[in-house]
Structure formats: C-alpha cells, structure tokens
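As given in Swiss-Prot:
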- A71, K72, T73, G74, S75, G76, K77, T78: ATP binding site (BINDING)
- 58-236: domain 'Helicase ATP-binding' (DOMAIN)
- 247-484: domain 'Helicase C-terminal' (DOMAIN)
- 1-30: region 'Disordered' (REGION)
- 339-390: region 'Disordered' (REGION)
- 582-619: region 'Disordered' (REGION)
- 27-55: motif 'Q motif' (MOTIF)
- 184-187: motif 'DEAD box' (MOTIF)
Amino acid sequence: MKRKLDANDVPSTEVAEEKETKDADNTDFESLNLDPRLRQALIREQFTKPTPVQSKAIPLALEGKDILARAKTGSGKTAAYVLPILQTILQKKAADPSLKATTGLVLVPTRELAEQVQSVIIKFSAFCGKDVRSVNLTQKVSDAVQRTMLADYPDLIVSTPARVIANLGTSALSLEHLTHLVIDEADLVLSYGYDEDINALAKAIPRGVQTFLMSATLTSEVDTLKGLFCRSPVILKLEDKEDEGAGISQFVVRCAEDEKFLLTYVIFKLQLIKGKVIIFVGDIDRCYRLKLFLEQFGIKSCVLNSELPINSRIHVVQEFNKGVYDIIIAADEQEVMGSRTSSKKSKEATDGDDEAKDKMGSSEDEDNEPEQSGKSARPEKRRKTSGKAKDYGISRGIDFQNVACVLNFDLPTTSKSYTHRIGRTGRAGKAGMALSFVVPADEFGKHKPTSFPTAKHDESVLAKIVKKQAKLGHEVKPYHFEMKQVDAFRYRMTDALRAVTRLAIQEARAREIRQELVKSEKLKRHFEENPEELKQLRHDGELRAARIQPHLKHIPDYLMPSKGRKGISSEDVGFVGFRKSGDNRIRKAREKNRGKGKGRKPSGVRKVDPLKTFNRGRK
C-alpha cells in the first residue's frame with residue numbers, strides 16, 4: 001500500500017504522537033481565536049462550550065497538524081473539523097478576495113451523512129456571505145447540473161468517494177489546490193466498498209494536504225487510511241463514558257421466530273415502551289413485513305431503507321428528530337452484507353489487533369466476522385452490494401435525537417454492530433433502553449414465513465455481546481414477559497401475519513417507492529419555495545397492501561392483562577383507535593339523506609310484486 005508523502009517528499013513515519021485525554025480542557029470558543037463570523041454562527045446555534053473532541057482537535061487543526069480522532073456520533077466531531085477548515089478559507093479570502101479554488105474535501109460513506117455534514121457547514125457559514133461556498137455531490141441531480149455546480153470552484157465539497165472519482169474522471173472537479181481532506185466515519189468508508197475509489201483518490205490528492213480522520217473505532221481500516229493520507233498524525237483517544245453505553249439499560253428476550261411479532265405488537269399496543277423507538281431489522285422485506293403487520297393494529301411507523309429516495313430518507317430522519325414520528329423501522333443492510341467483505345489478510349490483521357486491544361483493555365470488538373456453525377460449514381456466498389445500498393447506512397453516523405429505545409428485532413451478526421446500534425439511544429447523558437430478540441437454536445426454522453437466516457447464530461452472537469458488555473462494566477439482563485397473559489393476543493397476531501403475504505410485501509415496496517418518488521422528485525422545487533407545506537408530507541401512512549381487518553385495532557377488555565391495568569391507566573395510554581374511523585359511513589349517509597328527503601319514493605306509488613307480474617315468454 002502506497003504511503004502518503006509530505007511536501008518534502010519524505011514518507012510519513014510509523015510512530016505517531018498520541019494525545020491521551022481524559023477530561024476536556026476548560027476552554028471556550030472565544031479562546032480559540034475563531035473569525036467573528038464563525039463565533040456569531042456558534043452563538044446562533046447555541047454552542048456555548050466546546051465538546052472534548054472540539055477543544056482538543058480545533059487548536060491542533062489550526063496549527064496545521066494531521067488528526068486521527070476516535071469520536072462517537074453526536075460528540076461534535078463534525079464541528080471539530082468544519083470550524084478549522086472554514087477559518088482557513090476565510091483567512092485566505094481575506095488575503096486574496098478574488099481566490100476561487102476548491103480547498104476542502106469531506107468524504108463520507110453515506111448520502112444521509114453527507115446531507116448532515118452539508119447542513120452543519122451551511123449553519124456555520126451563515127454569516128460569511130459569498131466568501132464560503134459548499135457543494136454536496138451526493139444530491140440526485142444530472143451530470144450536467146453537477147458540472148455547473150463545480151464550474152464555479154466551490155470552496156468546500158462534501159461527497160462519497162465514488163462521486164469524487166466520477167467527477168475527477170470527467171474533469172469536472174479539480175483537486176489541484178486542495179489543502180484539507182476529511183474522512184468522516186473512516187472505519188466505514190472501506191467496509192462500504194470504496195476500496196478502489198480510495199486508492200485512486202490517494203494518487204490524485206496533492207502532497208502536503210492536511211488530513212482529518214474521524215472514526216468511532218480504531219480498526220485496521222483506519223490504519224490503512226492513515227498510511228495512505230496522514231503525515232505523523234496526532235491521535236486523539238477521548239474517553240467518553242457515553243461512548244461505552246453508560247446510561248443504557250440492556251435487555252434480551254429469548255423467543256421463537258413468530259413470537260418476535262407477537263411481543264412487538266404487545267409492546268407497542270399496550271405502550272410498554274414510551275417515547276421514540278428505532279427498530280432494526282435484517283433486510284428490506286423484513287421492514288415492510290413488520291410495518292404491514294403493525295398496520296393491522298393501527299400502529300403507525302416509518303420505514304428507512306436503501307430503496308427510498310435520499311430526500312425522503314433525510315426528511316424521515318429530520319421529522320423523527322422533531323417528534324413527528326415515534327417509530328422507525330430501519331433495515332441494517334450494510335451490517336448483513338458488509339460483514340463478509342473483509343479478506344483473509346485483513347481478518348488476520350484484525351485478529352492480531354484484537355489481541356493487542358484485549359491486553360490494553362480496549363473496548364473494540366473482538367471479531368468482526370459473523371458466527372459460523374462448525375468448522376466444516378460452507379462459507380455463505382458474498383452478497384453483492386447494490387449501488388443503492390452502497391451509500392446507505394443507518395446504524396452509524398446519523399445523529400438521531402431523543403431516542404428512548406432501540407429494539408433489535410433481528411439481532412446483529414457481531415458485537416461491534418450491536419454496540420453501534422444501541423449507541424442511537426442514551427445520548428447526551430439521557431437514559432436509554434436496548435431490547436434484543438434472540439431466537440434459541442432449537443426454535444430456528446420452525447416458522448418458515450417469519451424465519452431469517454442470521455437468527456441461526458443468535459445464541460453464539462449473544463454470548464459475545466454479553467462478554468464484551470461485561471468487559472465494559474455493563475450487564476445484559478433478561479427481560480421476562482408473562483407469556484400466559486401475552487398468549488391471549490396470539491390469535492390476533494396469527495390473523496395479522498396471515499394477511500401479510502409475500503405478494504403484499506412486494507406491492508407495499510412498490511407502492512412506497514412510487515409515493516416517495518413523487519414526494520422527492522416532482523415536489524422538491526415546490527417545497528423549497530413553500531417550506532411550510534413540506535410539513536404536510538407524512539411517511540407513516542398506511543400502505544394498505546395487506547388485507548385490512550379493522551377489528552384487530554381494538555383490544556377488548558377481557559384481553560387486557562389484569563396486572564398490567566394499574567400500569568396502563570386510561571390517562572396514560574393516550575389515543576388508541578378503539579373505534580373504526582370509517583365505521584358505518586354508508587349507513588350514516590343514508591340516515592342523513594333521509595332527513596333531507598333524498599332517496600324516498602313518491603307516496604302513492606304501489607309496490608309491484610315481481611312474482612305476480614312475471615310473464616313466461618311464449619315459445
């Protein structure tokens with residue numbers, strides 16, 4: 001692997017300066033000597049004190065040093081590299097107002113994260129006027145439009161590696177004057193299949209570029225990127241208790257495959273979990289199967305997967321953070337497809353790193369490979385990552401806010417993925433809950449319609465999860481349901497599952513895509529001009545692909561658990577559709593029309609008996 005040369009053509013040294021930090025310095029944004037326009041933007045965004053990663057990274061970045069920072073999502077790492085880059089751009093523009101050149105490049109693994117970074121740049125450069133221009137290359141626009149956007153030499157570009165290489169190939173983008181390179185979620189960039197793009201980019205970037213590598217974990221992929229792009233980087237390892245799952249209550253439920261649906265129904269219908277919930281499932285079909293299943297009981301939810309247009313995915317996350325939706329069903333496709341993409345060499349390197357990490361007491365994952373049952377087991381075929389799934393990711397990078405619970409409907413295949421999933425809750429010092437469904441080995445495959453392949457290894461994966469969490473000082477507790485009371489709802493679950501056929505799932509997928517395409521493409525410009533009308537768009541509507549059974553939305557009193565009544569009072573339940581919204585519409589319309597005299601036959605007209613007036617035709 002080619003190592004990056006500095007401005008004097010000297011290879012980077014292997015020894016890097018490490019900055020072990022335990023507590024953030026008592027610094028504020030005033031002491032960082034930022035441009036007044038940036039400080040004004042910080043005040044407007046209510047940034048009062050730098051986070052640990054910001055207080056350490058920003059001064060080093062302003063000194064021109066390369067930085068490799070281990071920082072979790074939500075720690076403020078985006079501002080940690082955006083502010084120094086904007087500061088440098090403003091200084092250059094002050095010295096030469098006519099300067100037009102692309103000096104900053106931010107690489108991210110997914111479109112959702114690109115949009116998130118772009119929004120942060122826009123907020124921080126709000127008072128910079130035309131001195132700072134940024135472009136998001138992941139937007140779904142034509143090549144001609146993208147070429148026009150790049151023709152004006154924007155100062156800062158946010159993109160996935162694939163889009164950068166595509167524009168370099170057409171000469172629409174020039175990196176000749178690049179001075180800053182950021183790779184956000186660096187450990188994901190290679191695992192998402194951007195290996196060739198990264199290698200090509202390493203050859204295209206000029207020497208002496210200041211590099212920021214931001215990652216939630218320090219893995220072999222990050223070491224590869226460090227060798228390609230960094231020059232003696234300063235390594236920041238910020239010890240953050242929140243990063244290790246503090247404040248998250250972790251529970252596990254052992255259940256059969258069809259009981260996952262039963263327990264999910266009971267949890268949401270009886271409101272055993274209150275607040276916003278993210279449900280992780282294994283693939284797109286599982287998304288719609290669960291959504292259609294919940295629709296039978298009047299439980300609304302949103303779907304997030306790689307098939308939906310990027311604008312719809314971003315809007316769903318934004319509305320979820322605002323509290324418009326309470327339940328998101330997310331397909332963690334990359335966790336399933338990307339788990340077998342590492343080569344034998346990288347696996348050996350990872351195993352070696354893990355041994356060292358265990359000795360150091362590191363919290364990194366012990367193995368990144370899914371559990372295989374037996375030595376003689378044939379390796380499963382590597383699933384080809386589609387173009388849509390390549391730049392989609394939901395368990396990492398996206399900053400979900402105020403999530404009360406993460407529900408692992410399908411258990412992830414590695415303890416590393418589990419850690420990233422549960423990290424969506426318990427943020428900013430708040431309490432959170434993680435509930436995982438585990439299928440015992442003797443229950444796997446007994447209910448074919450609801451079976452999922454990865455559930456075969458649930459018990460072995462759970463053992464690794466428990467072991468890792470124990471090292472971190474956390475306990476994964478069993479969550480017990482009183483199955484005698486839960487079984488009273490089983491016949492309803494069976495009726496609902498029977499209605500969610502494979503054909504219904506296919507129709508739901510197609511209908512959802514059609515609806516979201518209309519919202520995303522045709523109305524995009526209209527909503528930019530009329531932002532208030534965008535609030536009327538909802539993504540949790542009923543797909544109505546499955547057979548509707550209105551009686552399932554109502555829970556009779558005799559089904560309500562006797563012990564649970566005290567905890568679920570009528571005041572606490574909130575609105576539940578106990579009555580059908582469209583009940584007896586035709587009958588009500590008839591009664592209303594009778595009062596107006598409509599539909600009545602004129603008085604005096606005798607009723608004709610058809611049996612008396614029937615004439616047999618002659619032969």
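Every residue, even glycine, has its Cβ placed from backbone N, Cα and C.
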- prompt: Name the residues of the same chain, 6+ apart in sequence, whose Cβ is under 8 Å from the Cβ of A71 (ATP binding site)?
  reply: V53, K77, A80, M214, S215, A216, L236, L238
Message: Among the binding-site residues K72, K77, which residue has the fewest other Cβ atoms within 10 Å of its own Cβ?
response: K72
Task: Determine which residues of the chain contact the motif 'Q motif' (27-55) at the Cβ level, with the cut-off under 8 Å and only residues 6 or more beyond its ends counted.
output: 21, 62, 69, 71, 75-77, 79-80, 83, 86-87, 90-91, 123-128, 236, 238, 240
Query: Across the domain 'Helicase ATP-binding' (58-236), what is the average pLDDT of the model, as a whole number?
result: 88
Statement: CB contacts under 8 angstroms to T78 (ATP binding site), restricted to the same chain and 6+ apart in sequence, sorted by sequence, are Q116, V117, V120, D184
Task: Please list, for the motif 'DEAD box' (184-187), how many residues fall into helix, strand and coil according to DSSP.
output: 2 helix, 1 strand, 1 coil
- request: With DSSP as the yardstick, break the motif 'Q motif' (27-55) down into helix, strand and coil residue counts.
  value: 17 helix, 0 strand, 12 coil
